[in-house]
Amino acid sequence: MVENIGSGSAELVSYAKLNLYLDVLGKRSDGYHEIVGLFQTISLHDTLTVEICDRGFYLESSVALPSDNTIKRAWEMFRKNTGKEFGLKVTLKKEIPVGSGLGGGSSNAAAVLRYLGEVFKIPLEDLLNIAAQVGSDVPFFLYGGTALVRGRGEIVEKLEDIEGYSVDLFFPGIHSSTKEMYLSLTPEMYRKGPGRVEELHRAYLERNYEKIKELSYNVFEKVFLEKHPEVMDGLRNFGDGSIVKMMTGSGSVFFALYPLDKGNYSFVGGV
């Protein structure tokens, strides 16, 4: 979502995502892991104010970010792939916790790419190629809503958006390293999920709560809880009466799924 706010600036909304399903199928020859997942954006979001300038990159953030952050990489990869020369000023108001599995960094990058694509008239197909160079989850965020995601995250099949659900989130205050979590997986852990992602999507559309509970899966959840058993104490009092309670991404946030608007954050549709 882009809103012009005057003086050449624009305000961008950058939504968080949940993994309603996430499994690892194996390790690829390029070092990445092959995944399959059902991704969904939710109303929790960061806000970015962006302004194109003559040269340089300037970022003011409400939380500390590394110098090689995804927003800067998005700007660099966009310039490299399009040949456009310009600078960028960004002010980031963070609401999505860092290291939570909610995809905040990837979402920020996608929001910037989408904005630059509109400004410079770059087709979505080209933006998707740039997004894959920035990060594995970035292509999904160019679509948002509900999608089947495969490959290392760059293969995105837009699905009918799921509506009428909400979630509460439990953040245990632990920064979960995606790289460390992938390194913790062993071949015996691959392909352990039900694998019926399209069926899970259909269960959401049909409001088949028992089937949702049966087919929901995250390969990283068991690994994360083995590393951080203290999190179980907080989870015991979280998500009473929910349809399903599970972790998103490689951690550390857990979500409790509810029908309609019982939860604090609603499902958000895509483009």
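Glycine residues also receive a Cβ, built from the backbone N, Cα and C atoms like all the rest.
The active site feature in Swiss-Prot is assigned to LYS17, ASP137; the stated evidence is sequence analysis. As annotated by Swiss-Prot, ATP binding site applies to PRO97, VAL98, GLY99, SER100, GLY101, LEU102, GLY103, GLY104, GLY105, SER106, SER107, with the evidence given as sequence analysis.
Taken residue by residue with DSSP, GLY105 (ATP binding site) is part of a helix. Those residues of the chain, other than PRO97, VAL98, GLY99, SER100, GLY101, LEU102, GLY103, GLY104, GLY105, SER106, SER107, with a C-beta within 8 angstroms of the mean position of the ATP site C-beta atoms are ALA16, ILE96, GLY249. For the recorded site, LYS17 (active site), the DSSP three-state label reads strand. Long-range neighbours of GLY99 (ATP binding site) (same chain, six or more residues apart, CB within less than 8 Å of its CB): ILE174, HIS175, SER176, SER177, SER252. With respect to LYS17 (active site), the closest of these recorded positions in Cα terms is GLY103, chosen from PRO97, GLY103, GLY105, SER107, ASP137.
Of the recorded residues, GLY105 (ATP binding site) and ASP137 (active site) place their C-alpha atoms 9 Å from one another.
Residues near GLY101 (ATP binding site) in space but far in sequence (CB under 8 A, at least 6 apart, same chain), listed by position: ASN19, SER176, PHE220, MET247, THR248, GLY249, SER250, GLY251, SER252, VAL253.
Counting only same-chain residues at least 6 apart in sequence, those with a Cβ under 8 Å from the Cβ of GLY103 (ATP binding site) are ALA16, LYS17, ILE96, ASP137, PHE140, PHE141, GLY249.
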